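S.K.: Just passing along the structure, written as structure tokens.
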Ligand SMILES: Nc1ncnc2c1ncn2[C@@H]1O[C@H](COP(=O)(O)OP(=O)(O)OP(=O)(O)O)[C@@H](O)[C@H]1O
């Protein structure tokens, strides 16, 4: 028999109750173990993690106030904040049970219990624990994506950026879906974070998924979740980002990479406000605001062979176009000043002046990698500079002698080979830091990952 859960722990000093619980729960749990004395609880919890703990509140002879059990409950919640604890109470001791729930217990059952009632209560508590853990893991995974832009303010005083800011302020509180268009490195993720920060959903963390860095075989389960056993390797249930973003904002980065065959499924989920995890036969309700971003042009996105137009209309209720940095050169000095002083602080370097000539060259440079490349250029300059002021040589711009040239690449003119060599070079130069290498190459992390895969790197 394959039970849906692994391990239930019953903590009760009455052997009859422990036996009755074991019998009632054996179809739900592969293992049901009992402890008759609560002091062994900590030892068990340090090496094992029960899906559910059934906890009696009174152990000492004649005790009825539940204080001993409440203390144990506190210890359990400290050791495992996701623990699912179901309290066993004597009939009528509701006030103690209510206190236990305030302190983190999931539910309670009164003795004597009906087996069906007990199984239903315990099942819901174990399922709730699973959902909580999954949600936390999803949040942890997705916050990794945006670490670098998480605390960066949206800078820029060009007219174009003022318009972007205005749009953000108007769109953010409305809950409308937003589509952000712009080249790589123009700040799409910062804009998404800003929309979330100014929205009614700001109390919960934004959940992000980079569809450019997700391997194709995982798209479906990353987005929609899966049930244990749905496919080889699905060793436990997984919640999926759409559900993890419940009551919050989901940032779908590089939406242009979503395969055509999954686009209808995303559309249905958004229209019906529910998802069906892979391998499940029941839909799960979701309440999600979607902010999507792409580096594809509006023209490419409106190509039906690439992107379903009905999905596009779901996503682009409000469209924000982030212009390339070369189209708003007035922002370059502000950004340089911000990042040069930020990195000077980080690396404990003196604040140097950025001389007029160097600044002119930087303002006139086209920045194909946009703000991301400017940020990395500023970081390098802070590390390399040694005079009183920054010189243009301190900034790694491709027209400089250390830029890759055909000569350095051995005169090879095969495009594929050149691409591979450039990628290897960028990776080595940045000690295999994918973000830095991607920015050096003017690519998104996702695009770099795909090319690395293609070249077997
Ligand atoms: N207006 C801005 N003000 C300050 N920093 C910015 C701005 N725009 C972009 N940046 C910085 O540039 C880097 C790239 O920004 P972000 O990741 O938001 O770009 P993106 O358009 O989402 O890139 P990609 O398409 O490659 O995912 C980040 O480090 C971010 O902090």
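The chain as shown is numbered from 1 upward.
Glycine is no exception: its Cβ is also placed from the backbone N, Cα and C atoms.
Just so it is clear, the model here is predicted, and its values are computed rather than measured.
Annotations for this protein, taken from TrEMBL, read as follows:
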type	residues	note
DOMAIN	7-126	domain 'Response regulatory'
DOMAIN	154-383	domain 'Sigma-54 factor interaction'
MOD_RES	56	4-aspartylphosphate
S.K.: Taking the Cβ of the residue listed as '4-aspartylphosphate' as the centre, how many other Cβ atoms fall within a 10 Å radius?
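M.R.: The answer is 25.
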S.K.: Which whole number is the mean pLDDT over the domain 'Sigma-54 factor interaction' (154-383)?
M.R.: 91
S.K.: Per DSSP, residue 56 (4-aspartylphosphate) is which: helix, strand or coil?
M.R.: strand
S.K.: Per DSSP, what is the residue count of the domain 'Response regulatory' (7-126) in each of helix, strand and coil?
M.R.: 55 helix, 28 strand, 37 coil
